[in-house]
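Below is one structure; the comments refer to it alone.
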């Protein structure tokens, strides 16, 4: 692990308490592992907040074709739950350039619990053995502080899994304590422009918890993953209509990444259907309102369980692919005319009260998302939106009660 | 996007290497961002349900390059019209199994697959054997595939090459992309010979031979070699699972370079039919340094071989000769 730590090249600034890069943690007089800063014996002259990395993640990403990426500043990406299955698919996708494109080098920060340290070492070996030109370096650690330093993107996959007999309330409670710590770490150590994607469930409420504890950071930089549900919904439509999945566009997922999620095809369309050069609304192409109203939504909601039943393992690769899509579209922007689903900080749009992490259709530009406005919502969809809102409000209340 | 779809077969498709590999193919990493593919996924009947789950995940990925997917436990269906065959599936070594038993069990599998390639696949099908013992399995497939050119059969040593490059990079303190032309000779086994002598590193001061950049011949001829040879076991010991993702990346690299060509001045390691170059026995599947262009590889000739290397090349050569003898015996039974 130590060898991986030494590969950090562009650190500036220090942190309160112990310097994580000095053996023993204390700071020696006159010596500072970071160039250019004098140090008094025992004292760290930099308080949290000073000398923190100010870069904005989106503006860091280099999309200009370049012969050598040696002079491109690497982007720092944290993946938690790094010894787990989703991370095993995800980190190789990131290292290969799928998330930020072929001209942007990456520094991976990998965090997991001490019990998983050996497995994490094994994954680092594999990352090295992949010989990825875009992988600048890897920091693999079980220490939260080390993991969160100056990161530009945080993908919080790790969470406490639901055990047998565990009630939803118990699950919320244990995850609140994890995401409280991670929100605080983001606040203290991450780049000020860090973009956060929470995957670990209950994703929406975990994201909200982190957001609340990261009071210096803009709420708009916190999101939760509903892209997998969107991709699954598109997949179900493509199977029903008999087209390539890639032809199905602008399917929306509203609300909570849970059983109350609302897959909505009323604003979506199918490309090159029924013939090349044409575009047709999904509802028309499907031509089966009964199926849309009765079977489609449960199909999407149950897709995860269906994959597990078939594979005997969870849908790690498709989750990783959705994560890559979510972050890539957020930072590199969505295409004209297209929107994607992200669970983001609600602002009152579509009758959803402010202050929830709620999945909306968004467009992305210059590293910022905007909720697509003005979509007509029929009464049946609005009812479902209200139900998922209610669930999120209850989760929020429970979570906040645990925080206090 | 090219309209012509290529048919790509992956065997052992419900397994761990395939789980990492399939998504590399879907993304375009293997054949390029413009090449649409039809996936043929083969596994044993017991694993067909699991394959269905993988297909669900491919669909949920909405990959523009995936034109179609066929899942099957039937060899004929799997091999029909295939342009590229990646044979990952093989009989794994069970506890207490002798090498001869392993060879025998795999000879049966790869004989069937060799025949299927000849009878059902595209006439110019390119084959990469991954399942171990990879070199000898490739040989068995090759001799069983009457009519398919011998040059179309290869086995994977790219993982060993990538591992070797990585060790050099770590030792020299550079990024792995600055390390070039490290070679793997011979068998994908513990007799493989990772060879630094023709390689170089792009240092700030310019192209530097590895032996100059790393002035530690003891390490280069000692720990470097044994670390690369034992890396697979080291990953298993740490992860408690085998190195699926890095194997998948190596497979992707091998096929990409074979089909799309290597960069100017670069060589890569591939297990290919030996023509006697460098004192090897003819007719083995032996890992050499090769260059690729127009869908064909050529063994790099004229590289200097010192006595140290000669010995290691001979050892791995002899092991392959002995495996070949055993395998051909089984085939004739």
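Just so you know, glycine gets a Cβ as well, placed from its N, Cα and C.
No curator has checked TrEMBL annotations; they are predicted automatically.
Note that the coordinates shown come from a computational prediction; the quantities given were computed from them, not determined experimentally.
Mapped onto DSSP classes, the domain 'Lactate/malate dehydrogenase N-terminal' (B:7-153) shows 69 helix, 27 strand, 51 coil. Feature annotation from TrEMBL assigns domain 'Lactate/malate dehydrogenase N-terminal' to B:7-153.
Taking Cβ-Cβ distances under 8 Å and a sequence separation of 6 or more, the neighbours of residue B:106 (NAD(+) binding site) in its chain are B:90, B:91, B:131, B:132, B:133, B:136, B:137, B:140. What TrEMBL lists as NAD(+) binding site is B:43, B:106, B:130, B:131, B:132.
Summarising the annotation, TrEMBL assigns substrate binding site to B:93, B:99, B:132, B:163.
Taken from TrEMBL, the feature domain 'Lactate/malate dehydrogenase C-terminal' covers B:157-330.
Taken from TrEMBL, the feature active site, proton acceptor applies to B:188. Sequence-distant contacts (6 or more apart, same chain, Cβ under 8 Å) of residue B:188 (active site, proton acceptor) comprise B:132, B:133, B:134, B:135, B:155, B:156, B:157, B:160, B:271, B:287.
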Residue with minimal Cβ packing [other Cβ atoms within 10 Å] among the binding-site residues B:99, B:163: B:99
Binding residues B:43, B:106, B:130, B:131, B:132 (NAD(+)) - maximum C-alpha distance in whole Å: 16
Residue among the binding-site residues B:43, B:93, B:130, B:131, B:132 whose Cβ has the most other Cβ atoms within 10 Å: B:130
Proximity to chain A among recorded positions B:99, B:106, B:130, B:163, B:188, where any Cβ pair is under 8 Å: B:163
Residue B:130 (NAD(+) binding site) versus residue B:93 (substrate binding site) - Cα distance in angstrom: 14
Spatial separation of residue B:43 (NAD(+) binding site) from residue B:99 (substrate binding site) - C-alpha basis, Å: 23
